[in-house]
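**Q** Provided herewith is a single structure, encoded as C-alpha coordinates, for subsequent inquiry.
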Amino acid sequence: LAIGVASALTGYLSHPSFYCSYVECCPSAGHRLNATALRAQLDSRLFGQHLAKEVVLRAVTGFSNNPSPKKPLTLSLHGWAGTGKNFLSQLLAQHVHPAGLRSKFVHLFLATLHFPHPQRLRLYQEQLQNWIRGNVSACPHSVFIFDEMDKMHQGLIDAIKPFLDYYEQVDGVSYRKAIFIFLSNAGGDLINKAALDFWTSGKRREEIQLKDLEPVLSVGVFNNKNSGLWHSSLIDRNLIDYFVPFLPLEHKHVKMCIRAEMIARGHAVDEKVVQAVADEMTFFPKEEKIYSDKGCKTVQAKLDIHEDI
(Lines of atoms letter the chains of each structure in order from A and count residues from 1; the text may use other names and numbers.)
(Lines give C-alpha, C1' and ligand atoms only; values in the text may rest on other atoms or scores of the structure.)
Protein backbone atom coordinates (compact mmCIF):
# COMPACT_ATOMS: atom_id res chain seq x y z
CA LEU A 1 0.00 0.00 0.00
CA ALA A 2 2.81 2.37 0.92
CA ILE A 3 4.56 1.62 -2.36
CA GLY A 4 1.34 2.21 -4.28
CA VAL A 5 0.66 5.52 -2.54
CA ALA A 6 4.25 6.65 -3.07
CA SER A 7 4.08 5.76 -6.77
CA ALA A 8 0.78 7.60 -7.22
CA LEU A 9 2.09 10.64 -5.38
CA THR A 10 5.29 10.65 -7.40
CA GLY A 11 3.31 10.43 -10.64
CA TYR A 12 1.07 13.31 -9.61
CA LEU A 13 3.92 15.56 -8.54
CA SER A 14 5.84 14.84 -11.74
CA HIS A 15 2.84 15.48 -13.98
CA PRO A 16 3.55 18.51 -16.26
CA SER A 17 0.38 20.38 -15.26
CA PHE A 18 1.46 20.30 -11.61
CA TYR A 19 5.21 20.55 -12.04
CA CYS A 20 5.04 23.47 -14.50
CA SER A 21 2.85 25.49 -12.14
CA TYR A 22 5.88 25.84 -9.86
CA VAL A 23 8.82 25.52 -12.26
CA GLU A 24 9.10 27.23 -15.65
CA CYS A 25 8.69 24.72 -18.46
CA CYS A 26 9.33 25.00 -22.16
CA PRO A 27 6.02 25.39 -24.08
CA SER A 28 4.60 22.17 -25.48
CA ALA A 29 4.66 21.36 -29.18
CA GLY A 30 1.05 22.49 -29.60
CA HIS A 31 1.57 25.85 -27.90
CA ARG A 32 -0.01 28.80 -29.72
CA LEU A 33 0.70 32.45 -29.13
CA ASN A 34 -2.32 34.52 -28.01
CA ALA A 35 -2.39 36.96 -30.92
CA THR A 36 -5.47 38.77 -29.60
CA ALA A 37 -3.79 39.59 -26.30
CA LEU A 38 -0.58 40.63 -28.06
CA ARG A 39 -2.49 42.96 -30.39
CA ALA A 40 -4.34 44.51 -27.45
CA GLN A 41 -1.08 45.29 -25.66
CA LEU A 42 0.54 46.71 -28.78
CA ASP A 43 -2.51 48.87 -29.48
CA SER A 44 -2.43 50.33 -25.98
CA ARG A 45 1.32 50.60 -25.40
CA LEU A 46 3.21 50.91 -28.71
CA PHE A 47 2.63 54.34 -30.22
CA GLY A 48 3.11 55.57 -33.78
CA GLN A 49 4.32 52.26 -35.19
CA HIS A 50 1.54 50.96 -37.41
CA LEU A 51 4.02 49.21 -39.70
CA ALA A 52 6.02 47.45 -37.00
CA LYS A 53 2.88 46.39 -35.17
CA GLU A 54 1.16 44.84 -38.18
CA VAL A 55 4.27 43.19 -39.62
CA VAL A 56 5.30 41.59 -36.33
CA LEU A 57 1.75 40.49 -35.50
CA ARG A 58 1.34 38.78 -38.87
CA ALA A 59 4.79 37.23 -38.69
CA VAL A 60 4.57 35.79 -35.18
CA THR A 61 0.95 34.66 -35.56
CA GLY A 62 1.67 32.80 -38.77
CA PHE A 63 4.82 31.30 -37.29
CA SER A 64 3.08 30.23 -34.07
CA ASN A 65 0.16 28.65 -35.94
CA ASN A 66 2.44 26.69 -38.27
CA PRO A 67 2.97 23.21 -36.77
CA SER A 68 6.01 22.63 -38.97
CA PRO A 69 7.87 25.83 -39.90
CA LYS A 70 10.69 25.47 -42.40
CA LYS A 71 13.08 27.75 -40.51
CA PRO A 72 13.25 29.83 -37.33
CA LEU A 73 11.44 33.16 -37.34
CA THR A 74 14.04 35.89 -37.82
CA LEU A 75 13.16 39.57 -37.43
CA SER A 76 15.46 42.58 -37.80
CA LEU A 77 14.07 45.72 -36.13
CA HIS A 78 15.47 49.07 -37.26
CA GLY A 79 15.00 52.68 -36.21
CA TRP A 80 16.30 55.43 -33.98
CA ALA A 81 16.49 55.09 -30.22
CA GLY A 82 13.27 55.43 -28.26
CA THR A 83 10.95 54.33 -31.06
CA GLY A 84 9.91 51.02 -29.44
CA LYS A 85 12.26 48.31 -30.73
CA ASN A 86 13.27 47.03 -27.30
CA PHE A 87 9.75 47.30 -25.99
CA LEU A 88 8.25 45.28 -28.83
CA SER A 89 10.91 42.56 -28.64
CA GLN A 90 10.45 42.19 -24.88
CA LEU A 91 6.67 42.14 -25.20
CA LEU A 92 6.89 39.45 -27.87
CA ALA A 93 9.24 37.36 -25.70
CA GLN A 94 6.80 37.72 -22.81
CA HIS A 95 3.95 36.33 -24.92
CA VAL A 96 6.07 33.29 -25.81
CA HIS A 97 7.43 32.87 -22.27
CA PRO A 98 5.39 34.66 -19.54
CA ALA A 99 8.51 35.47 -17.50
CA GLY A 100 9.83 37.56 -20.38
CA LEU A 101 13.48 38.54 -20.01
CA ARG A 102 13.55 36.72 -16.66
CA SER A 103 12.73 33.46 -18.44
CA LYS A 104 15.51 30.91 -18.77
CA PHE A 105 14.30 30.40 -22.35
CA VAL A 106 14.73 34.05 -23.39
CA HIS A 107 18.29 35.18 -24.06
CA LEU A 108 19.40 38.80 -24.50
CA PHE A 109 22.80 39.59 -26.01
CA LEU A 110 24.27 43.10 -25.83
CA ALA A 111 27.08 43.68 -28.30
CA THR A 112 29.11 45.98 -26.07
CA LEU A 113 28.70 43.73 -23.01
CA HIS A 114 28.95 40.19 -24.35
CA PHE A 115 31.25 40.79 -27.35
CA PRO A 116 33.44 43.79 -26.42
CA HIS A 117 36.83 42.80 -27.91
CA PRO A 118 37.25 42.54 -31.72
CA GLN A 119 40.41 40.44 -31.35
CA ARG A 120 38.33 37.67 -29.74
CA LEU A 121 35.95 37.33 -32.69
CA ARG A 122 36.64 33.61 -33.26
CA LEU A 123 36.11 32.83 -29.58
CA TYR A 124 32.83 34.77 -29.53
CA GLN A 125 31.60 32.93 -32.61
CA GLU A 126 32.31 29.56 -31.02
CA GLN A 127 30.74 30.57 -27.69
CA LEU A 128 27.66 31.93 -29.46
CA GLN A 129 27.16 28.72 -31.43
CA ASN A 130 27.54 26.58 -28.31
CA TRP A 131 25.16 28.80 -26.34
CA ILE A 132 22.44 28.66 -28.98
CA ARG A 133 22.90 24.94 -29.57
CA GLY A 134 22.62 24.15 -25.86
CA ASN A 135 19.59 26.34 -25.22
CA VAL A 136 17.58 25.21 -28.23
CA SER A 137 18.34 21.61 -27.26
CA ALA A 138 16.76 22.40 -23.87
CA CYS A 139 13.79 24.29 -25.35
CA PRO A 140 12.95 24.39 -29.08
CA HIS A 141 10.87 27.56 -28.51
CA SER A 142 13.84 29.59 -27.28
CA VAL A 143 13.91 33.32 -28.03
CA PHE A 144 17.21 35.10 -28.79
CA ILE A 145 17.41 38.90 -28.82
CA PHE A 146 20.54 40.61 -30.16
CA ASP A 147 20.62 44.28 -29.16
CA GLU A 148 23.09 46.92 -30.39
CA MET A 149 23.55 45.20 -33.73
CA ASP A 150 25.03 48.43 -35.06
CA LYS A 151 27.90 47.88 -32.58
CA MET A 152 28.36 44.18 -33.40
CA HIS A 153 31.79 43.21 -34.79
CA GLN A 154 31.64 42.50 -38.51
CA GLY A 155 31.21 38.81 -39.28
CA LEU A 156 30.28 37.77 -35.73
CA ILE A 157 26.57 37.28 -36.40
CA ASP A 158 27.32 35.07 -39.42
CA ALA A 159 28.30 32.37 -36.92
CA ILE A 160 24.61 31.62 -36.35
CA LYS A 161 23.77 31.23 -40.06
CA PRO A 162 23.45 27.39 -39.88
CA PHE A 163 20.77 27.78 -37.20
CA LEU A 164 18.69 30.21 -39.29
CA ASP A 165 18.84 28.26 -42.54
CA TYR A 166 16.32 25.83 -44.03
CA TYR A 167 17.76 22.73 -42.37
CA GLU A 168 15.56 20.13 -40.73
CA GLN A 169 18.28 19.52 -38.16
CA VAL A 170 21.84 20.63 -37.45
CA ASP A 171 23.85 18.01 -35.55
CA GLY A 172 20.63 16.36 -34.43
CA VAL A 173 18.97 19.56 -33.20
CA SER A 174 16.05 21.33 -34.88
CA TYR A 175 16.07 25.12 -34.66
CA ARG A 176 12.87 25.66 -36.64
CA LYS A 177 10.69 26.74 -33.71
CA ALA A 178 13.13 29.26 -32.24
CA ILE A 179 12.80 33.03 -32.68
CA PHE A 180 15.73 35.34 -33.41
CA ILE A 181 15.35 39.13 -33.11
CA PHE A 182 17.98 41.70 -34.10
CA LEU A 183 17.74 45.30 -32.85
CA SER A 184 19.65 48.09 -34.56
CA ASN A 185 19.79 51.85 -35.02
CA ALA A 186 21.32 51.22 -38.44
CA GLY A 187 18.99 52.26 -41.22
CA GLY A 188 17.28 54.78 -38.98
CA ASP A 189 18.38 57.66 -41.22
CA LEU A 190 16.80 55.95 -44.25
CA ILE A 191 13.55 55.40 -42.37
CA ASN A 192 13.48 59.00 -41.15
CA LYS A 193 14.09 60.34 -44.65
CA ALA A 194 11.24 58.23 -46.05
CA ALA A 195 8.90 59.43 -43.29
CA LEU A 196 9.89 63.05 -43.90
CA ASP A 197 9.37 62.64 -47.66
CA PHE A 198 5.83 61.37 -47.00
CA TRP A 199 5.16 64.34 -44.71
CA THR A 200 6.57 66.82 -47.24
CA SER A 201 4.37 65.39 -49.99
CA GLY A 202 1.30 65.80 -47.79
CA LYS A 203 0.77 62.07 -47.15
CA ARG A 204 -0.17 60.60 -43.78
CA ARG A 205 2.44 58.44 -42.05
CA GLU A 206 -0.17 55.67 -41.84
CA GLU A 207 0.03 55.44 -45.65
CA ILE A 208 3.63 54.26 -45.47
CA GLN A 209 3.76 50.56 -46.33
CA LEU A 210 6.42 47.92 -45.78
CA LYS A 211 7.15 47.82 -49.52
CA ASP A 212 8.11 51.50 -49.33
CA LEU A 213 10.89 50.80 -46.82
CA GLU A 214 11.96 47.16 -46.65
CA PRO A 215 13.92 46.94 -49.94
CA VAL A 216 15.94 50.11 -49.35
CA LEU A 217 16.38 49.18 -45.69
CA SER A 218 17.80 45.70 -46.38
CA VAL A 219 20.21 47.05 -49.00
CA GLY A 220 21.22 49.98 -46.81
CA VAL A 221 21.93 47.76 -43.81
CA PHE A 222 23.84 45.25 -45.97
CA ASN A 223 26.11 48.04 -47.24
CA ASN A 224 26.45 49.86 -43.91
CA LYS A 225 29.78 49.03 -42.26
CA ASN A 226 28.34 50.03 -38.89
CA SER A 227 25.27 47.80 -39.08
CA GLY A 228 26.66 44.50 -37.75
CA LEU A 229 25.00 42.95 -40.81
CA TRP A 230 27.49 44.46 -43.23
CA HIS A 231 27.84 42.03 -46.14
CA SER A 232 26.28 39.41 -43.90
CA SER A 233 25.39 35.99 -45.29
CA LEU A 234 22.13 36.27 -43.33
CA ILE A 235 20.99 38.96 -45.78
CA ASP A 236 22.77 37.49 -48.79
CA ARG A 237 20.98 34.16 -48.26
CA ASN A 238 17.63 35.83 -47.45
CA LEU A 239 17.51 34.30 -43.97
CA ILE A 240 16.04 37.40 -42.30
CA ASP A 241 12.29 37.07 -42.75
CA TYR A 242 11.38 40.71 -42.15
CA PHE A 243 13.23 44.00 -41.92
CA VAL A 244 10.88 45.92 -39.63
CA PRO A 245 11.09 49.72 -39.77
CA PHE A 246 10.29 51.86 -36.72
CA LEU A 247 9.22 55.34 -37.75
CA PRO A 248 10.35 58.51 -35.94
CA LEU A 249 7.81 59.68 -33.36
CA GLU A 250 5.84 62.91 -33.67
CA HIS A 251 4.69 65.27 -30.89
CA LYS A 252 1.40 63.41 -30.48
CA HIS A 253 3.16 60.07 -30.02
CA VAL A 254 5.52 61.50 -27.40
CA LYS A 255 2.48 62.78 -25.50
CA MET A 256 0.95 59.30 -25.67
CA CYS A 257 4.14 57.92 -24.08
CA ILE A 258 3.96 60.55 -21.33
CA ARG A 259 0.32 59.75 -20.54
CA ALA A 260 1.06 56.01 -20.48
CA GLU A 261 3.98 56.55 -18.09
CA MET A 262 1.87 58.69 -15.77
CA ILE A 263 -0.83 56.02 -15.65
CA ALA A 264 1.81 53.34 -15.01
CA ARG A 265 3.01 55.39 -12.00
CA GLY A 266 -0.52 55.58 -10.63
CA HIS A 267 -1.03 59.25 -11.39
CA ALA A 268 -4.05 60.84 -13.00
CA VAL A 269 -3.22 62.26 -16.42
CA ASP A 270 -2.62 66.01 -16.16
CA GLU A 271 -2.46 67.57 -19.63
CA LYS A 272 -0.48 70.54 -18.33
CA VAL A 273 2.24 68.18 -17.16
CA VAL A 274 2.03 66.24 -20.43
CA GLN A 275 2.62 69.46 -22.36
CA ALA A 276 5.40 70.57 -20.03
CA VAL A 277 7.31 67.31 -20.46
CA ALA A 278 6.75 67.33 -24.23
CA ASP A 279 8.11 70.88 -24.40
CA GLU A 280 11.36 69.69 -22.81
CA MET A 281 11.94 67.20 -25.63
CA THR A 282 13.93 68.12 -28.75
CA PHE A 283 12.66 67.63 -32.28
CA PHE A 284 13.99 67.61 -35.84
CA PRO A 285 14.40 68.77 -38.61
CA LYS A 286 15.69 72.06 -37.25
CA GLU A 287 13.08 74.20 -38.95
CA GLU A 288 9.99 71.97 -39.00
CA LYS A 289 10.59 70.19 -35.66
CA ILE A 290 8.31 67.28 -36.51
CA TYR A 291 10.02 64.25 -35.01
CA SER A 292 11.49 63.58 -31.56
CA ASP A 293 15.23 62.93 -31.88
CA LYS A 294 15.15 60.54 -28.90
CA GLY A 295 11.70 59.09 -29.42
CA CYS A 296 10.21 58.37 -25.99
CA LYS A 297 13.52 57.32 -24.48
CA THR A 298 13.89 60.21 -22.03
CA VAL A 299 10.22 60.47 -21.04
CA GLN A 300 10.69 58.66 -17.71
CA ALA A 301 13.63 60.81 -16.66
CA LYS A 302 11.92 64.06 -17.61
CA LEU A 303 8.72 63.03 -15.88
CA ASP A 304 10.69 62.50 -12.66
CA ILE A 305 11.01 66.27 -12.38
CA HIS A 306 7.24 66.46 -12.15
CA GLU A 307 6.82 63.69 -9.57
CA ASP A 308 5.20 66.13 -7.14
CA ILE A 309 1.98 65.91 -9.16
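The backbone N, Cα and C atoms fix where each Cβ goes, glycine too.
Because TrEMBL annotations are produced automatically, they should be read as predictions rather than curated entries.
Per TrEMBL, the features are:
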DOMAIN    71-214  domain 'AAA+ ATPase'
BINDING   GLY79, TRP80, ALA81, GLY82, THR83, GLY84, LYS85, ASN86  ATP binding site
**Q** Near the Cβ of ASN86 (ATP binding site), how many other Cβ atoms are there if near means within 10 Å?
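**A** Excluding its own Cβ, the number within 10 Å is 16.
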**Q** Using a 10 Å radius around each Cβ and all protein chains in view, which of these binding-site residues has the most neighbours: GLY79, GLY82, GLY84?
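**A** By the 10 Å Cβ neighbour count, GLY79 comes out on top.
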**Q** To see if you understand the setup: which same-chain residues, six or more apart in sequence, place their Cβ under 8 Å from that of TRP80 (ATP binding site)?
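**A** Those within reach of TRP80 (ATP binding site), by Cβ under 8 Å and sequence separation of 6 or more, are ASN185, GLY188, ILE191, ASN192, PHE246, PRO248, ASP293, LYS294, GLY295.
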**Q** Far apart in sequence but close in space: which same-chain residues, 6 or more away, have a Cβ under 8 Å from THR83 (ATP binding site)?
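**A** Long-range Cβ contacts: GLY48, GLN49, PHE246, LEU247, PRO248, LEU249, GLY295, CYS296.
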